[in-house]
Every structure is written in C-alpha cells, then in structure tokens.
Amino acid sequence: MGTVVESANQGAGTLPTNKKVTVIFVLGGPGSGKGTQCTNIVENFGYTHLSAGDLLRAEIKSGSENGTMISNMIKEGKIVPSEVTIKLLQRAIQENGNDKFLIDGFPRNEENRAAFELVTGIEPECVLFFDCPEEEMERRLLGRNQGREDDNIETIRKRFKVYMESSLPVIEYYNSKGKVRKIDAAKRVGEVLEAVKAVFAPADEKVAA
C-alpha cells in the first residue's frame, strides 16, 4: 500500500502538451458569494467549475485507495498534501473536454500555489478575488445557516482568521504580477455579476462600451 501521494500520482502525469488550458483561480472568504458567481460564470462564459473541496469529497466517496487515505488523513486532523489535491484537479482538467476552468477555493496558501504551478506547469490567466468585509460575510453566514453547529460566531471568526492568514499572501503574490481582478463582493448579487461580466468581456467590447 503506497502513500497517498504515490496513489494520487498513478496515471496522472503532466498535462498533455496538446491541451492548452485557461485557468482562473477564484478566491474569497467564507460568505463572499464566490460560489454563486462561479455558477453565473459557467452559465454566461462556458467555463467548467472545479472545486478542490468537491473533488476531495468525491474521491473519498468513490471508495478508492486514494480516497480512503484522504479520508483517514482528514479524520486524524492532518492536512491533505498539496500534491494530492493538485493531482485531482489535474485529472479533472485532463478528463474534461473543455479548455477553460474556474478553480474555486484553491490555492489556499502559498505552498499550494507554488506546488500547482510546479506540478501542472500552468500559471493562472487571472485571479478573481471576491473582496468582502468580514462583518458582511459574518452576517451572510449567520443568516444562511441558522441552527448549524459549525456556524456559531466563534467558529466563523476562526474560519476568517485562517483565511486571512493563509490566502492573502497568495492574493498579494498574484497582485504583484498584475493578475488579480478585485470584485467588490459586498454589493447585491446582480451588481457583483455585472462587475464579474466586465472582467470576462472581450477587449473589443470593453472599447465599444
């Protein structure tokens, strides 16, 4: 029985050289509304939405050796290695007929980011950053999930703290490369969608507008 990384590596390899893909990272705190906007981007611009969390959960549910190892690591409170998540993302990209992908909730930290570029050889086209004040995200989470144990104020604030400490260095790195497209996510859903559409509109349309 190999390690979880060895198991993830089986049959993964690097991306085929003939498949050129566009990848956009979608980042934002819990309650920033990025999930809703990912759905809108898929509908309006033909991207495929990949959620790192969903891929990990699907792998666990599949009952594969890799999935069992991931499940055991999570139960033991260990962090799933970056390479495991990246291989799942890579496989999803390879197996999908599309060439445009939104990767939601990843990279979560600098180590994720560096490993993704190293393993896949892909640099994101841009990073959509849903910027939302903590008070507004808190209000949304408390209003959305009343009665759930993990949505008490203390737990929510811990999630914010982890997000701020781990994800912001990633945003700062890509901002230094001119790749961050900041969206004011505190606005109403329709207004946020208009701001997102402006990022995706072809350059000639922007000139015409």
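Just so it is clear, glycine is given a Cβ too, placed from its N, Cα and C backbone atoms.
Annotated ATP binding site per TrEMBL: GLY31, SER32, GLY33, LYS34, GLY35, THR36, ARG144, LYS187, in sequence order. Its Cβ taken as reference, GLY33 (ATP binding site) is surrounded by 22 other Cβ atoms within 10 Å in the chains shown.
Long-range Cβ neighbours of ARG57 (ribonucleoside 5'-phosphate binding site) (same chain, at least 6 residues apart, Cβ-Cβ under 8 Å): none. Marked as ribonucleoside 5'-phosphate binding site by TrEMBL: ARG57, LYS78, ILE79, VAL80, GLY105, PHE106, PRO107, ARG108, ARG148, ARG159.
Over all protein chains present, the Cβ of ASN112 (CMP binding site) has 21 other Cβ atoms lying within 10 Å. Taken from TrEMBL, the feature CMP binding site applies to ASN112.
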Rank aside, I only need the closest one: which of the binding-site residues ILE79, GLY105, PRO107, ASN112 has its C-alpha nearest to that of LYS187 (ATP binding site)?
GLY105
If you count Cβ atoms within 10 Å of each one, which of the binding-site residues SER32, THR36 comes out on top?
SER32
So what sits near LYS34 (ATP binding site) in its own chain, CB-to-CB under 8 Å and at least six residues off in sequence?
VAL26, LEU27, GLY28, ASP104, GLY105, LEU128, PHE130, ALA185
